[in-house]
Structure formats: structure tokens, C-alpha cells
Amino acid sequence: MILLGVNIDHIATLRQARGERYPDPVDAAFAAERAGADSITVHLREDRRHIQDRDVVLLQQTCQTKINLEMAASEPMLTLAERWKPQDCCLVPEKRHELTTEGGLDVVGNRHRLADAVARLHDAGIRVSLFVDPDLEQISAAGAIGATVVEMHTGRYANAATQAQRNLELEQLYRAAHQASLNGLTVHAGHGLTYHNVQPIARLPDLKELNIGHAIIARAVMVGMESAVKEMKRLMREAVKTP
């Protein structure tokens, strides 16, 4: 069964919009876990636009599943991860003015810096994933520098303007998943996935986990967090059963 990591960043976005103490990401994590979430993902950005340091600490203390901490491979972030020791860290590219992560890491062009970051996190007992575009060269480089997991960026698939373009992007994701498996990497995927487009991705070969945030939080506004998570889990189960 494919695992579901629920990204709760936008619970914090709503809180920070008014500078209030609510809604609390910890409450959202509890609800997601009750509904079957297999992990909780948070992106601690360097500008602290949504998730705060306190949130990560409290989630570490209270989550019943595991924490997947998304972060830039910067010295301040690495130092925090070494202190907090979340079960998983996903290294992502970060631009201060972007609304959301716009693409995957350039592992090929930043091989030495990322290799050092991966080694430091491994030494702290943290499983490390790299957020990469479904590019065969980038995936091979991720394996070469010691990453355990690649999370494939599904944004181009999600944002494809036509079905033909979406099919092309899906084919590339299939090739990339196969390449990752050949390199001994665990395959995760995420970004831009919704209730309408998740099922083809859930059928990717060797896929172990999906990380989904915005769509689930948006749905939760209408039906509640537990119902939103259960609905996504159902779609994932059905996708795996249907060839």
C-alpha cells in the first residue's frame, strides 16, 4: 500500500495571515493521523512564512506517526535538523519570493554541497530525500551522493495544459521512477497533486509514498480534515487496485 504524507503548511498559512494562535498545526496533524495519514510533512522555510520553529518542536513531541521536515540545504537549516533529529528530511530548493516550490534540486550542479548536507543528516540518524525533477541524470546523481529517497516533482504533470502533454509528463515520471529503483532509491512523489489527478501517479512503478498538502487542506475547509484525508487515501487505494 502506498503511504500518504499530509503536508500541513497551509494550516500555518491561515494562522499567520492574522497573527493568531489558531488554527494550530498540531491539531491538524492529530486529525490527519486519526484519518490514516502515514506521516506529517512540514516545510520550514527560511523566511518562516508559515511553519515556525515551535511548530516543528511540538510536532516532534506529539505526532504518532513520523515527521518529514522539508527544508533548504542551508547551514542554519542543517543545524536545526541536527538538533531536532526528525525521522525524515527532504531537501528542497528554495527561493524567497516563490509562492511554492517551483522545481527540483539541481543535484548535478550542486553535487558537493548536497553530498555534504546528506552526510551530515545521515550522521544525525535522519533518512534523507532529495526533491528532484523526473530527470534521469538528476536521479542518478541523487543516488551517487548518498540519498536514500528521491521525491519526484510532479508539478509539470499537474500543470499540463492538455491531456497529451499530461501523458508525456506521466511517461517521463514512469521512466524516472524506474531509474530511481535501478539506483537503489526509494521513490516518493508530490507537488500539485489533487483529488482529480492523483490516481495515475499512484500507479507509478515502485512508488512508496505520496506527499500532498494544498489539495487536502483546501478540501478540509469544506468537509473537515479527517474526511479530506480519508477521501485521498481511498483514491490512492482504488488506483493501486485498478491497472
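From the backbone N, Cα and C atoms, a Cβ is placed for every residue, glycine too.
These features come from Swiss-Prot:
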{"type": "BINDING", "residues": "ASN7, ARG18, GLY192, GLY213, HIS214", "note": "3-amino-2-oxopropyl phosphate binding site"}
{"type": "BINDING", "residues": "ASP9, HIS10, ARG45, HIS50, THR100", "note": "1-deoxy-D-xylulose 5-phosphate binding site"}
{"type": "ACT_SITE", "residues": "HIS43", "note": "active site, proton acceptor"}
{"type": "ACT_SITE", "residues": "GLU70", "note": "active site, proton acceptor"}
{"type": "SITE", "residues": "GLU151", "note": "site 'Transition state stabilizer'"}
{"type": "ACT_SITE", "residues": "HIS191", "note": "active site, proton donor"}
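Projection of Swiss-Prot feature records onto the structure.
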residue	record	Cβ contacts under 8 Å, 6 or more apart
ASN7	3-amino-2-oxopropyl phosphate binding site	THR41, VAL42, HIS43, GLU70, GLY190, ASN211, ILE212, GLY213, HIS214, ILE216, ILE217
ASP9	1-deoxy-D-xylulose 5-phosphate binding site	THR41, VAL42, HIS43, HIS50, ILE51, GLY213
HIS10	1-deoxy-D-xylulose 5-phosphate binding site	HIS50, GLY213, HIS214, ILE217, ALA218
ARG18	3-amino-2-oxopropyl phosphate binding site	none
ARG45	1-deoxy-D-xylulose 5-phosphate binding site	ILE51, ALA72, GLU94
GLU151	site 'Transition state stabilizer'	CYS90, SER129, LEU130, PHE131, VAL132, HIS188, ALA189, GLY190, ASN211
GLY192	3-amino-2-oxopropyl phosphate binding site	THR154, GLY155, TYR157, ALA158, ASN159
Conformational class of HIS43 (active site, proton acceptor) under the three-state DSSP mapping: strand
Lowest local Cβ density (other Cβ within 10 Å) among recorded positions: HIS191, HIS214: HIS214
For HIS50 (1-deoxy-D-xylulose 5-phosphate binding site), the number of other Cβ atoms found within 10 Å of its own Cβ: 21
Greatest inter-residue Cα distance in Å for the 3-amino-2-oxopropyl phosphate-binding set ASN7, ARG18, GLY192, GLY213, HIS214: 26
